[in-house]
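Here's the structure we're looking at; comments come further down.
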């Protein structure tokens with residue numbers, strides 16, 4: 001049963017059900033030797049990695065999780081196409097969830113029909129042990145003719161042994177045919193195969209077998225996964241044969257036969273004394289899945305997350321502030337007074353450093369979202385939110401992309417590919433940018449930290465943290481009402497049904513969490529960092545030129561000269577030009593400059609204010625907060641008050657200030673109309689909300 005290919009360089013296709021530990025295992029095998037991209041012609045993320053072991057170089061492709069070699073969503077179609085259209089020499093590493101063995105084996109049976117060398121890594125052994133049962137892998141190996149091996153991706157147990165197996169020439173085995181198809185079906189398949197050429201015979205065999213599931217033949221008309229691999233003549237012949245004969249094999253018959261076969265195998269392979277009533281919900285699920293208390297629990301968990309963002313990040317933020325200040329001082333000691341020193345200290349160090357200070361909060365956000373995902377809570381929150389979101393025209397399938405937007409809208413929008421219903425998917429894409437993302441946090445933290453008091457309510461929750469949580473809730477509520485409007489106008493259709501199998505509770509893998517935070521933080525810095533650096537240098541030039549003649553102001557201090565310089569600069573004139581439009585929502589010309597630059601990326605607002613207020617490398621972020629509070633207009637009144645600060649927060653909550661988001665919307669929708677529509681409606685919403693709140697506030701103040 002072995003596969004004798006001894007090549008030291010080969011490719012492995014990793015397949016398995018969602019939430020089976022496949023991606024965690026992928027991280028354990030490849031570490032940091034990963035790269036991401038997109039599959040050709042689609043926007044589905046492609047995760048590839050390499051690991052070296054015993055003089056072997058193994059390339060691993062982590063395929064999207066799926067339950068079968070079918071499905072209508074874009075990511076599941078990719079899994080089908082890659083596996084069915086595998087390249088010569090490819091091997092399949094199937095990741096099987098031992099706690100959901102029957103479901104995993106349903107998918108494995110389909111993969112075995114491809115006749116490709118397979119090795120099975122079995123996860124969730126600890127879940128079985130808690131139920132006091134064991135899964136005998138030796139019986140499964142004998143039944144299918146392939147090797148099964150336990151591995152724990154969370155703590156690394158069995159990883160070395162799995163690597164040894166992977167590079168062993170006898171590890172990946174060609175399966176023996178075990179599934180007992182009835183003779184009538186076999187005769188039909190063989191008859192059809194004999195009438196076609198032998199090209200792609202293994203893949204063709206699977207396509208034909210899988211086609212028997214469809215009673216109506218509808219999938220054949222839409223394009224069965226894998227059918228496009230063959231030329232027009234075989235495809236036409238397949239359709240004709242199935243029209244006359246193939247339809248008599250129904251999906252229910254297929255499912256029933258396989259289910260009986262799998263249950264028979266597992267009746268012998270699963271041994272032990274199982275805990276009675278194991279299907280009864282745990283005490284935690286009785287609360288977390290409750291229609292009311294589940295929603296309350298979700299809000300409470302998110303409130304604690306934002307509380308931690310403020311309290312836990314304080315020390316590392318202070319440390320980064322100190323580092324930025326010391327770097328500015330160090331560089332300044334080697335440079336003479338002049339434009340170059342100003343550029344490096346105020347433009348580069350001050351501009352970029354002002355955003356780097358908020359890295360601890362962004363990292364904590366990525367960490368908390370990763371923990372919620374790995375523990376299995378996100379799936380439960382999706383279940384609870386399904387009923388609530390149904391009132392607004394969406395299903396629980398939209399919840400995970402929306403919650404992912406709390407980190408970044410770009411991968412969240414790409415994550416909507418799992419939504420089969422096109423109107424639901426497009427609606428989710430258009431409302432996802434309303435969710436508070438990590439790029440908004442630097443602006444929120446700066447303004448909230450400067451304007452709102454740092455005191456506790458009930459001795460637990462910080463006022464600033466509650467304000468941040470309120471902005472998160474505002475984004476969620478706005479996205480729901482926007483979805484309702486879109487579903488009642490542009491996308492009038494029924495929402496898709498939401499079916500989900502709740503995963504077992506898991507202890508998060510520290511290594512997997514660290515890799516997740518590292519990759520997301522790296523992506524954030526590599527994309528936003530380049531834009532911030534470019535805008536900071538450009539803005540420094542616009543804020544410092546044309547130079548004023550300081551001799552005309554002999555009695556003014558350096559700080560007063562700095563104010564005049566910025567006011568008379570290119571940036572100052574641009575802000576003054578925008579001021580009539582921004583004044584009704586409470587913004588002065590300095591805020592106007594920040595608004596203009598932040599349309600490239602929201603976090604640039606902080607860099608812009610840092611440069612405009614002359615906070616350079618020798619200052620800290622606290623000095624920027626003080627500069628905001630001390631700033632006065634021509635009449636001596638404070639520029640930054642509670643009313644226009646709230647107006648600014650609302651503008652940033654609703655405006656689409658992210659070129660990357662607009663770019664990915666264009667790519668996902670394959671249309672220029674929808675990103676333009678997104679930008680327009682969010683800008684109008686942001687301005688209108690800020691205008692109403694500021695004007696009403698002024699009316700009653």
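Glycine is treated like the rest: Cβ placed from N, Cα and C.
It should be emphasised that the depicted structure is a prediction, and the values quoted were computed from it without experimental measurement.
Taken from Swiss-Prot as is:
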- 9-172: domain 'FeoB-type G' (DOMAIN)
- 16-23, 41-46, 62-65: GTP binding site (BINDING)
- 292-312: transmembrane segment (TRANSMEM)
- 352-372: transmembrane segment (TRANSMEM)
- 394-414: transmembrane segment (TRANSMEM)
- 429-451: transmembrane segment (TRANSMEM)
- 466-486: transmembrane segment (TRANSMEM)
- 523-543: transmembrane segment (TRANSMEM)
- 645-665: transmembrane segment (TRANSMEM)
- 672-692: transmembrane segment (TRANSMEM)
Where does residue 16 (GTP binding site) sit by DSSP, helix, strand or coil?
strand
Long-range environment of the transmembrane segment (466-486) - Cβ separation under 8 angstroms, sequence gap at least 6:
299, 302-303, 306-307, 309-310, 389, 391-394, 398, 402, 406, 427-428, 430-432, 434-436, 440-441, 444-445, 448, 452, 457, 649-650, 653-654, 681, 685
Under an 8 Å Cβ to Cβ limit, what residues of the same chain, 6 or more beyond the ends of the transmembrane segment (292-312), are close to it?
360-361, 364-365, 368, 372, 377, 380-381, 383-385, 388, 441, 445, 460-462, 464-466, 468-469, 472-473
Three-class DSSP secondary structure - residue 22 (GTP binding site):
helix
Among 352-372, 523-543, 645-665, 672-692, stretch most in contact with the transmembrane segment (429-451) (C-beta, under 8 angstroms):
645-665
Long-range environment of the transmembrane segment (352-372) - Cβ separation under 8 angstroms, sequence gap at least 6:
301, 305, 308-310, 312-313, 316-317, 320-321, 324, 327-328, 378, 381, 403-404, 406-407, 438, 441-442, 445, 508, 512-513, 516-517, 520-521, 524-525, 528-529, 532-533, 536, 603-604, 606-607, 609-610, 615, 617, 621, 624
Sort out the residues at least 6 away from either end of the transmembrane segment (523-543), same chain, that have Cβ-Cβ distances under 8 Å to it, and list them.
342-343, 346-348, 350-352, 355, 359, 362, 408, 438-439, 565-566, 569-572, 574, 593, 597, 600-601, 603-604, 607-608, 611-612, 659-660
Around the C-beta of residue 22 (GTP binding site), how many further C-beta atoms are within 10 angstroms, looking at every protein chain?
25
For residue 19 (GTP binding site), nearby residues of its own chain (Cβ under 8 Å, 6 or more apart in sequence):
65, 97, 376, 379, 503
In sequence order, which residues at least six apart in the same chain have a CB under 8 Å from the CB of residue 63 (GTP binding site)?
13, 14, 15, 78, 79, 82, 83
For the domain 'FeoB-type G' (9-172), provide the mean pLDDT of the predicted model.
82
